[in-house]
Each structure stands twice: as structure tokens, then as C-alpha cells.
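A short write-up of the structure that comes next.
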Amino acid sequence: MGGPGSLRELRRLCHWGPLVALAVVIVCSATAIADAVLWYWPLDTAGGSVNFIMLLNWTVMILYNYFNAMFVGPGYVPLGWTPEKSQDCMYLQYCKVCQSYKAPRSHHCRKCNSNECVPGLNNDAFPLQVSFGWSSVKIDMSAAKRDPRTIIPFGLSAFAASLFALGLALGTTIAVGMLFIIQMKVILTNKTSIESWIEEKAKDRIQYYQTDETFIFPYDTGSKWKNFKQVFTWSGIPEGDGLDWPVREGCHRYSLTIEQLKQKADKRVRSVRYRAIEDYSGVCCPVTKGVKTFFTTPCTEEPRIALSKGDLILATRGLKHWMYGEKILNSAGDGGIRERGWFPRKCVEKCQYDSETDQPVDGEKKSR
């Protein structure tokens with residue numbers, strides 16, 4: 001029976017992205033089916049029947065994998081999760097929103113408001129969507145060649161519709177083909193885009209502090225075939241439970257989370273304290289903050305944070321006219337609750353002194 005969960009699932013479709021994708025599939029599939037009926041009647045020849053069955057099969061597979069990728073989800077860390085061994089907590093990050101530890105390879109999702117596992121449950125559905133393409137608009141002229149007396153009512157409107165569907169299919173093939181390449185790279189290296197970013201930051205951190213340590217990504221087995229088999233299994237369910245993952249020889253079970261903790265500590269050290277000198281409402285494109293600020297707003301789904309004059313912010317990165325940081329909402333020090341997001345650079349000024357110690361604030365620190 002339907003419930004709040006069902007309504008929540010249904011609302012996922014009520015967004016311009018899924019609606020556009022479904023519209024493209026429907027237009028291309030309907031046009032391809034109409035053309036197949038006109039040009040290659042499936043009941044006349046065995047070839048026509050095979051062509052029509054393959055066309056329907058592609059359409060069903062496209063829709064199945066699309067909805068599977070949308071509704072199955074990547075898997076979620078149980079609320080209040082803690083490792084079996086309490087001493088392992090020192091290797092893990094703690095999510096204040098979910099009130100639980102983050103399992104290895106999991107990340108907090110702002111959209112779902114939960115800790116998501118690395119996308120193991122629906123990762124295999126993404127590359128399989130690439131099946132949508134030229135085969136869905138294939139037109140076979142053999143029937144007309146065999147019987148030159150055949151008259152096909154293919155007028156201007158039908159031709160325009162077919163040409164439009166062909167253009168959509170070609171564009172979709174290119175776009176989904178790029179997604180296919182990206183997803184196959186993720187599967188063959190056993191490394192998500194976020195984990196690739198963490199690995200790059202690890203190299204930067206080691207180079208910046210000139211340490212002798214080396215970071216080896218622990219989940220790449222070293223064999224593309226073994227990585228592939230972890231996702232594509234005969235049972236259709238990827239290997240692992242989303243909480244415990246096999247690691248390559250010589251790596252610690254928590255090598256990745258230990259590196260994340262180091263990067264988090266490094267971010268605190270290298271962050272710069274700013275004070276708000278203007279109010280900012282948190283809108284995406286503020287008209288009152290200047291033309292350059294309006295037109296250079298960051299193209300990202302990351303949130304903006306509203307500022308009031310006097311607010312303190314720890315900035316961790318920035319652009320020419322925008323900055324990203326954490327607003328300190330209370331004075332509890334490192335344990336304080338912070339709200340993260342983008343804000344206009346012109347709304348803040350760099351603090352000359354740390355409000356807690358009255359010592360000069362050093363923007364770039366090389367000592368830990």
C-alpha cells in the first residue's frame with residue numbers, strides 16, 4: 001500500500017531532469033516504433049519481427065535501468081551506526097546530522113539527508129543506460145526494395161518527426177555514452193569521483209608538508225577484472241554489504257578514512273577566519289552585491305549561507321568574487337555547530353586577530 005515513502009519516491013519524478021529524460025525516451029521510442037511499423041512491418045517477415053522485438057527490448061531495458069538507478073538508491077548507513085570494535089571509532093568521521101559514524105566510503109548526502117554508502121546497489125544500472133541510441137531509430141528499407149510498388153504514406157510531418165527523434169537519439173547517445181565511459185572508469189578502478197578527489201588532495205597535502213608518507217588507495221584490487229566482478233555479479237547484487245570492503249594487500253582497512261581525517265585537520269589549520277561586514281540573504285544571484293558577483297555565482301548545487309553583520313566564518317576555499325566556508329553559529333570552539341556554503345567575498349573582511357586568543361591570524365600555516 002502507498003504511504004509517505006511511496007509519495008517521497010513519486011516526488012523524485014516531479015523534477016525537470018527526470019521529466020526531460022522520460023520525454024526524450026518516449027519521443028524517440030514512439031517515433032522509432034511508428035517508423036518500424038511503416039517501413040518494416042513486423043508481421044510480414046522474420047527480419048521485421050526481430051527488428052521490432054529488439055526495438056521493444058531496448059526501450060524496456062532503458063526504462064528498467066533508468067528507474068532502477070533512480071529508485072533503488074546507493075544504499076544507506078543505518079542510523080546510529082558504530083563499528084563492531086569501539087577502538088575503530090578513532091579512525092572514522094562522526095556525522096553530527098545523522099548522529100552516527102561514517103562507514104568507510106560513505107558520505108553525507110544533503111539531498112537525502114543521510115549517510116550514503118558508495119553506490120554499490122545501483123552502480124551497475126548507470127552504464128547499462130547507454131543502450132539508447134541508433135538502434136532505437138533504425139529504419140530498414142529492404143521491404144521497399146523487394147516490392148517497388150509499395151506506397152508508404154511518409155509525409156512531411158512524419159519526416160520531420162523522424163528527423164527530430166533522430167537528433168534526440170544522437171544527442172542522447174553522445175551524452176549517455178560519456179556517462180558510460182565515466183561509470184566504467186569508476187567500476188574498473190573501484191574508485192568513485194569523490195574518492196579520486198580525496199586521492200588528489202592526499203597528494204597535495206603530502207607535497208605541501210613535504211612528508212615521507214605515501215597514500216595508496218586501498219579499494220583498487222590492482223586488477224580491472226576483479227574490480228569489474230565486484231559490481232557485475234550473476235546474482236545481480238554487487239559484492240559486499242556497503243560497510244566492509246576488501247582492501248588491497250598492504251593497506252589498512254581504514255586507510256581512506258584516516259586520510260580523510262588528516263585532510264579535515266589540515267583544512268582547519270589552513271582555514272582563514274573572516275568577519276561579515278554586510279548582510280547577505282543567501283540568494284543564489286544577489287543583485288545588490290555588484291554586477292561581477294551576480295554573473296560569477298558558482299555553478300554548483302552547494303548551498304549559500306545567509307550572513308548577518310558580525311558573523312564569523314572560517315573560509316576554506318574561494319573564487320575571485322565568492323568564498324566557501326563554515327559559519328560559526330556558537331562559540332564552542334572546534335565542537336561548535338557550523339553551517340557551510342558559498343557567500344560573496346565583498347560581504348566579509350579578513351580578521352586580523354583571532355577572537356578567542358587575540359593572536360594574529362595566519363592564513364597559511366605549515367605547522368601542525
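These residue numbers are counts, starting from 1, taken along the chain as shown.
Glycine is treated like the rest: Cβ placed from N, Cα and C.
Record features, source TrEMBL:
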- 269-353: domain 'SH3' (DOMAIN)
- 20-41: transmembrane segment (TRANSMEM)
- 47-67: transmembrane segment (TRANSMEM)
- 151-182: transmembrane segment (TRANSMEM)
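On the 0 to 100 pLDDT scale, the domain 'SH3' (269-353) averages 87 in the predicted structure. Sorting the domain 'SH3' (269-353) by DSSP state (H, G, I as helix; E, B as strand; all else coil) yields 16 helix, 33 strand, 36 coil.
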